[in-house]
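Notes to accompany the following structure.
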Amino acid sequence: MQATVPWLSLSILVPIVGALLVPLVPDKGEGKQVRWYALIVTLITFLITVAAYLTGYDPSLSGLQLSERVSWLPDLGLTWAVGADGLSMPLILLTSFITSLACLAAWPVSFKPRLFYFLLLAMDGGQIAVFAVQDMLLFFLAWELELIPVYLLLAIWGGKKRQYAATKFILYTAGSSLFILLAALAMGFFGGGTPSFEYTALAAKDFGTGFQLLCYAGLLIAFGVKLPIVPLHTWLPDAHGEATAPVHMLLAGILLKMGGYALLRFNCELLPAAHSQFAPLLIVLGVVNIIYAALTSFAQRNLKRKIAYSSISHMGFVLIGVGSFSALGTSGAMLQMISHGLIGASLFFLVGATYDRTHTLQLDEMGGIGQKMRIMFALWTVCALASLALPGMSGFVSELMVFAGFATDEAYTLPFRVVICGLAAVGVILTPIYLLSMLREIFFGKEKEELVSHTNLVDAEPREVYIIGCLLVPIIGIGLYPKLMTDSYRSSIEALVSRNLGAMEQVISPTAPLIRGQAPVPAIIQAPAVGAS
């Protein structure tokens, strides 16, 4: 469906052009005018994405909508192609929403404010482009464009070990991005037909199973770094350990979701035959994420690193949902990305706000501040309950959908489903233990004399309450009425799962020796029942 108004191009170009105009904003060096300018640009971008959803997006359709296509370099198959479907539209809205709140969270930044907001706006445009472009080379360019601002935001405004964290981030993410470029070139020039990198053209190509497996493996590494998947995760705790609050919000709220989105868009949608072979591995990796990261989070004494490992654990549910051949499970993975984006952004913002008051991240140095910071304690409590998947919150719905979808997924054998659900439940049990224990150590117990005498323990200010309130509205809204979000992508998810089931039935037919365990594909997969989804 062609767009009558170029909403998506505007949502990409407005923050990028806004970033380029930052040097022209009059300012006396304190950053006040630049702050307001950046906030206005991010709000305009958010309103553009909302207008795109309300005026040009039909949730009942599974195909591409709001599409724009302009030939760029036709001899090389390069095209400016953008569009949105159920996989991308919710994440575009999430990106513009969280970025506008991150801009407000950056209000106290006074060191090099022009450069800071320039990078923030450039990052906004790059991240929206990742979800909106419909050309694999454009996707690679947007993926790389987003890396540079993150690196500089870490290296310049980070903590004591900011150079180490920023360097590790760029080495992991930029190095793994090479696999995206190689896969894009291979898929664009092979498979028959004229060279093209548009998703629709790539989906129509006839790639052999061996070719798909090779591309899938490379893309899994690239996207696994960003998700992140254990053991490709070690950059994330270091990056979160040194980042400032607004950068935290962008890392947890948006950056990790790029990996989950890319798995659905490329590995599942464009390489369905390979996905039927790799899906069990995704399930196992998801369980490893959930349990390993939960146990590691439980042992952390640094507040930022504790929440960072909690994020890794929660993203394990995304892997299980992506690996399932159930519309319910895959829909749960999508909802988990959105839910974690909101909850992760809120928790990391509160970490930054608490550090501004206590000047420490060590739980051993905290305690007894609940009496002096009652509103802050209330905000922490609600966000922690959302993170541990309390009923009535978005996290409960998304995790329940993943569990129910995988448990009823007849594409996998019953023993495998029982084992995976049992192991994943261990992570669900560990989460409230380490989160509630964290709250107790921060706010309860005896006041630390050194903490009270050397810090200004003022309660939450209106700006902070407003930011958390804006994040809690969709968290609670989705928790009470999930259709508010799931209807926006249901049709696209059902079409994706149907395609993957069809590809799996071609690879694993009901009469194939796989069921007897003789085929070179995972014996934990069985042929789905007719009509299973």
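A Cβ is built for glycine as well, from the same backbone N, Cα and C atoms used for every other residue.
Copied from Swiss-Prot, the annotated features are:
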TRANSMEM  5-25  transmembrane segment
TRANSMEM  36-56  transmembrane segment
TRANSMEM  70-90  transmembrane segment
TRANSMEM  115-135  transmembrane segment
TRANSMEM  137-157  transmembrane segment
TRANSMEM  169-189  transmembrane segment
TRANSMEM  210-230  transmembrane segment
TRANSMEM  244-264  transmembrane segment
TRANSMEM  278-298  transmembrane segment
TRANSMEM  315-335  transmembrane segment
TRANSMEM  336-356  transmembrane segment
TRANSMEM  465-485  transmembrane segment
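Fewer than three CB pairs closer than 8 A are found between the transmembrane segment (115-135) and the transmembrane segment (336-356), and contact between the two stretches is not assigned (pairs 6 or more residues apart). Long-range Cβ contacts of the transmembrane segment (210-230) within its own chain (Cβ-Cβ under 8 Å, at least 6 residues beyond either end) map to 172-173, 176-180, 182-183, 186-187, 190-191, 236, 255-256, 258-260, 262-263, 266-267, 271, 273-275, 277-278, 285, 288-289, 292-293, 312, 315, 318-319.
Taking Cβ pairs closer than 8 Å, the transmembrane segment (36-56) reaches residues 1, 3-5, 7-8, 10-11, 14-15, 18, 22, 25, 65-66, 84, 89, 92-93, 95-97, 99-100, 103-104, 106, 117, 120-121, 124, 128, 488 in its own chain, all 6 or more past its ends.
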